[in-house]
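Chemist: Shown below is the structure under consideration.
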Amino acid sequence: MISDINALKYKALKYKKVLLKVSGEALMGDKQFGHEYDIIKKIAIDIKEVIALGVEVAIVVGGGNIYRGINAALVGMDRASADYIGMLATVINALTLQNVMESLNIYTRVLSAIPMMSVCEPYIRRKAKRHMEKKRVVIFAGGTGNPFCTTDSAAVLRAIEMNCDILLKATQVDGVYDSDPKKNPDAKKYFTISYKDVITNNLQVMDTAAIAVARENKLPIRVFSIKEQGNFARVIQDKGEYTAIEE
């Protein structure tokens with residue numbers, strides 16, 4: 001149920017159907033590997049706050065906290081095989097996030113691009129849209145189901161397929177910078193940047209293919225920090241700290 005106050009906020013919202021991309025690294029917090037459950041619970045609470053506004057939410061999770069296919073390929077592993085292992089890592093993350101969210105009474109469904117009938121539903125576009133219409137949070141796992149494609153590309157594709165109003169990328173920093181702010185204290189933050197400039201300046205916020213597809217389909221992107229509680233709800237209301245990527 002949406003409260004009267006949240007119903008008024010919903011009417012004022014510009015974005016009523018959103019896709020949240022959560023990187024694997026965001027799930028491990030300050031650890032070097034695996035999951036930081038306090039961080040995952042914080043993310044789940046943020047999602048619950050957005051759902052309370054009446055917003056339909058979909059999520060794409062990465063797998064970099066467990067396995068990175070591109071890194072394995074660099075040391076000699078077959079790239080396609082490495083990418084498939086990375087896709088399996090996203091399923092682990094999706095199931096972990098689902099369990100934490102369900103402990104907070106958030107109705108959640110995991111849909112995987114790689115069929116795993118005993119643990120989650122296969123990805124079917126119409127089924128995913130129906131889940132969202134019923135106000136269930138849909139977590140997309142398995143990337144695109146194809147090697148050589150990043151989970152950023154999966155996020156853009158799923159956002160477009162679900163007719164989302166916007167894609168929000170949750171990271172460990174509060175936006176897009178011209179260099180790594182963790183390594184360069186003088187890094188410049190972009191508050192607004194075009195798709196073209198992201199590609200031209202080779203900014204590493206998302207891969208080129210993902211940005212190109214977002215640009216072609218006029219899908220706006222917001223990049224923000226997941227570390228600060230309540231940021232997700234603020235960003236979809238055009239508040240808080242973030243970088244806007246659009247035409």
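Quick reminder: no glycine exception, Cβ is built from N, Cα and C everywhere.
From a predicted model like this one, the values you see are computed outputs, not experimental measurements.
According to Swiss-Prot, the record shows the following:
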BINDING   LYS21, VAL22, SER23, GLY24, GLY64, ARG68, THR171, GLN172, TYR177, ASP180  ATP binding site
BINDING   GLY63, ASP83, THR144, GLY145, ASN146, PRO147, PHE148, CYS149, THR150, THR151  UMP binding site
Chemist: Comparing the binding-site residues GLY63, GLY64, which residue's C-beta has the most other C-beta atoms within 10 angstroms in this structure?
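Modeler: Result of the Cβ crowding comparison: GLY63.
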Chemist: Which of these binding-site residues is closest to SER23 (ATP binding site) if you go by CA atoms: GLY63, THR144, THR150?
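Modeler: Minimum Cα distance from SER23 (ATP binding site) across GLY63, THR144, THR150 lands on GLY63.
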Chemist: Taking only the binding-site residues LYS21, GLY64, THR171, TYR177, which one has a CA atom nearest to the CA atom of PHE148 (UMP binding site)?
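Modeler: Closest recorded candidate to PHE148 (UMP binding site) by Cα: GLY64.
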Chemist: Going by DSSP, give the three-state secondary structure for TYR177 (ATP binding site).
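Modeler: In three-state terms, TYR177 (ATP binding site) counts as strand.
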Chemist: Since the record lists SER23, ASN146, THR150, THR171 as binding-site residues, which of them has the fewest other Cβ atoms within 10 Å of its Cβ?
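Modeler: Counting other Cβ atoms within 10 Å of each of the binding-site residues SER23, ASN146, THR150, THR171, the minimum falls on ASN146.
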Chemist: If you compare CA-to-CA distances from TYR177 (ATP binding site) to each of the binding-site residues GLY63, THR144, ASN146, THR150, which comes out shortest?
Modeler: THR150
Chemist: Do you know which of the binding-site residues PHE148, TYR177 has the most other C-beta atoms within 10 angstroms of its C-beta?
Modeler: TYR177
Chemist: Please list residues from the chain of LYS21 (ATP binding site) whose Cβ is under 8 angstroms from its Cβ, counting only those at least six apart in sequence.
Modeler: ILE59, VAL60, GLY62, THR151, ASP152, ALA155, LEU167, LEU168, LYS169, ALA170
Chemist: With every protein chain in view, how many other Cβ atoms are within 10 Å of the Cβ of THR144 (UMP binding site)?
Modeler: 22
Chemist: Considering only the binding-site residues THR144, ASN146, THR150, which residue has the minimal Cα-Cα separation from GLY64 (ATP binding site)?
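Modeler: Nearest by Cα distance to GLY64 (ATP binding site): THR150.
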Chemist: Just to verify a number: CA distance, GLY63 (UMP binding site) to THR171 (ATP binding site), in angstrom, no decimals.
Modeler: 13
